[in-house]
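Q: The domain 'NADH:ubiquinone oxidoreductase-like 20kDa subunit' annotation in TrEMBL covers 40-150. Feature annotation from TrEMBL assigns [4Fe-4S] cluster binding site to Cys40, Cys41, Cys106, Cys137. According to TrEMBL, the region 'Disordered' annotation covers 178-198. The compositional bias 'Basic and acidic residues' annotation in TrEMBL covers 188-198.
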Amino acid sequence: MHEPWIEGRFEEGVVTTTVEQAINWARQSSIWPMTFGLACCAIEMMAAGAGRFDMDRFGAGAFRATPRQADLMIVAGTVTYKMASRVRRLYNLMPDPKFVIAMGACTVGGGPYFKYGYHVVKGVDLVVPVDVYVPGCPPRPEALLEGLMRIQDKINGHRIAKNGSGKLNDELPIPHHSGYVSAPADGEPMREHQKVTS
Ligand code: SF4
């Protein structure tokens, strides 16, 4: 984990709020995804980057060929156990702050391979921390763009000033038109299939 560059070094104030807005605006308008695809969902990701859907409108069209220059990992496709360690290694090589979109049913939870796919990881969130899930098999490019906008929301909620306790005050705003789910009251995990069994 890298030391934060500017976050948490200053008290709340007019200057920090203004600088924060400028930094967040710059960051959310210049997301660089990694050039990286694992299966059929990657074709939809490529479509999202091409002329008709044009991810460049969001400043996110500069797909980088190295994780060291990327701040968004779009995991597009089936994650096999063989590939999982590579996915983690690529994630570790990305500089902070970094974000992950799990694109497609395979990546979200195993997808069509959930029951009989002995070789498929049942959700890439077992491998890297996921910020936004985009369901579908495959999701359409519009769905990926929606996920990208939710990542922009998250960047927008980033706070660089300390909060009262002196800790980082990094909030994820609730998406303004996607709704949200409440955690179950009994405290059970929401994704039963991700319980680790030995
Ligand atoms: S979710 Fe469907 S389209 Fe995407 S990688 Fe899996 S099988 Fe392919």
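Just so it is clear, glycine is given a Cβ too, placed from its N, Cα and C backbone atoms.
So that I understand the layout, could you describe where these features sit and how close they are to other parts?
A: Its Cβ placed at the centre, Cys106 ([4Fe-4S] cluster binding site) has 30 other Cβ atoms within 10 Å. DSSP gives Cys106 ([4Fe-4S] cluster binding site) a helix state.
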Q: Would you mind checking how many other C-beta atoms are within 10 angstroms of the C-beta on Cys137 ([4Fe-4S] cluster binding site)?
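A: Cys137 ([4Fe-4S] cluster binding site) is surrounded by 12 other Cβ atoms within 10 Å.
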Q: Pop the mean pLDDT for the domain 'NADH:ubiquinone oxidoreductase-like 20kDa subunit' (40-150) in here, whole number is fine.
A: 92
Q: Do any residues at least six apart in sequence from Cys40 ([4Fe-4S] cluster binding site), in the same chain, have a Cβ closer than 8 Å to its Cβ, and if so which, in order?
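A: Once residues fewer than 6 apart are set aside, Cys40 ([4Fe-4S] cluster binding site) is near Gly77, Gly104, Pro138.
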